[in-house]
Amino acid sequence: MSAILIVDDNPYFRDYLCEAVRRLGEVPIMAASAREGLLLLATQPVRAVVSDLLMPEMDGLEMAREVRAMHPAMPLLILSDGPEVITGPCLRAAQLIYGAAIAEKSGGGLGDALAQFLAQPGKEACDPAA
């Protein structure tokens, strides 16, 4: 079974996202950094990636570039910490260049945004073993 890859350096928010994904009937796998997420993506069957934008070492925009290089059709949701970041150049670049969906972490709409993102008809899972 393919999983939803959750990438966030904040352990509390990562746990929140994993629980939200479980409530939607999906199987989450967690990564605490973009680099860890990319390693999981290279070794696990994943059908979508949900990543924080602002992380140390490698941010969500850099991760989006790497995800696209590995799996051009992988559904990708990039999360920000507020409405001012949603309109910022990094998140717009993730949306326009890498085709990522974007959502705000705060404001109460994240659960709906996550459900809508995961409900979209997607490609088959990217399974590195296949």
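Each residue, glycine too, has its Cβ placed from N, Cα and C.
Because the structure is a prediction, the values reported are computed rather than measured.
Feature annotation from TrEMBL assigns domain 'Response regulatory' to 3-118. The 4-aspartylphosphate annotation in TrEMBL covers D52.
On the 0 to 100 pLDDT scale, the domain 'Response regulatory' (3-118) averages 84 in the predicted structure. Proximity of D52 (4-aspartylphosphate) to non-local residues of its own chain (separation of 6 or more, Cβ distance below 8 Å) is seen for V7, D8, D9, N10, F13, G60, I78, L79, K105, given in sequence order. Here the domain 'Response regulatory' (3-118) is broken down by DSSP into helix, strand and coil counts: 57 helix, 25 strand, 34 coil.
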